[in-house]
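I have placed the structure first, in the form of structure tokens, so that the comments after it can refer back to it.
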């Protein structure tokens, strides 16, 4: 159940926040400690809410006696739920329950530390409590996933959420984790706790279609330059696929623990970005022929506990070149970089009859790819010395690339759309294919692997168009 937090601070602001959210939410938490309203006005807000939660965070200067008195006065307003800190006296909870038997009690704990939530729950357990809320602070994505795993072992009357930016995915996954409450804020309001998402954000992530039976799709690696969450979630919604797509920042060092976690959680598909495309291969149960050919993996499919790796990067770029009527036979093609995407592209283009030239800052890495696909390897500084028909840039946007020209330039980076290399090439009259085109094509290939029973040919153009618009918008914002 979505629960929108009302913080005001004035009565008028609080009422507007509540009324603005009523179409999308029925449950509202009134933060009495943040509201500058009278008890009569607070009562009006409670009556406006179909389901109400009343919370008052005890300030450090408040005495135990004053705390109890304040909570007793709030109980007299008859909210649906009363949220009490874990340290609120047990005997006073029993007294409130005796006087107000219809009020349901939530016992909550917020901590800035990452702690074993099973132990926390055990410490909070009491017969007088209806619901429990645990808010903890994960230090990493693997911490986050371990917390999600632990949540499955707790009773269904327990809400577990993670604070901070790292913890945002736990809020998106809340219905899948069977949380009784999913806390959100009115659209346009400031967060009350770090990592809170707006009501519109939750709807964007397909909240109304999510349930404990839903599966999860995600992006792992350096997620900072991806627009995948902005393209994939609306696409899933259009197809009525009850699945969110979340970003999970991950380093190579975290892979062992990550793979333990995803086997215990309902993951269906995972996109893999740098720097994990080659590092991830030893953890796969099976490799598709595309991975065996390229030595790179950008797609995981999880079925019946088995993790299968695929590579759609090279095929995605080849689809783009085909759409642009680019015939590569007997052409000289330069690939800049020696990472996972460069490997994938070299593997696919090696079957087109073109002559491949691999350029990299560390020549030995270029040689490793070249030897595999009968290509030539060069230091990146030698790029201007070679005449080619096509340059495919697989280096990061911040890379310093020698000024070189070709009739057609492909830059596979989605964000930023423009960089010094493409700007120079465009100034000199070269045709440019930007990264959002390859992004869209490789993603559509991933969707076919994740959702083989769905037909979405009619939506492909809209998906590609959305990727193009987002890449342009983010470049303008930058």
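From the backbone N, Cα and C atoms, a Cβ is placed for every residue, glycine too.
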Same-site shikimate binder from 65, 72, 441, 442, given that Swiss-Prot records 226, 227, 228, 298, 313: 442
Subset of recorded positions (57, 133, 313, 341) lying within 10 A of residue 110 (active site, proton donor/acceptor), CA to CA, in sequence order: 133
Most distant Cα pair in Å, residues 226, 227, 228, 298, 313, 442 binding shikimate: 16
Top Cα neighbour of residue 228 (shikimate binding site) in the set of recorded positions 55, 277, 339, 361: 277
Secondary-structure category, per DSSP, in which residue 226 (shikimate binding site) falls: coil
Assigned conformation of residue 361 (NADP(+) binding site) - DSSP reduced to three states: coil
Residues near residue 341 (NADP(+) binding site) in space but at least six apart in sequence (CB under 8 A): 274, 277, 296, 298, 313, 394, 412
Lowest local Cβ density (other Cβ within 10 Å) among binding-site residues: 337, 339: 339
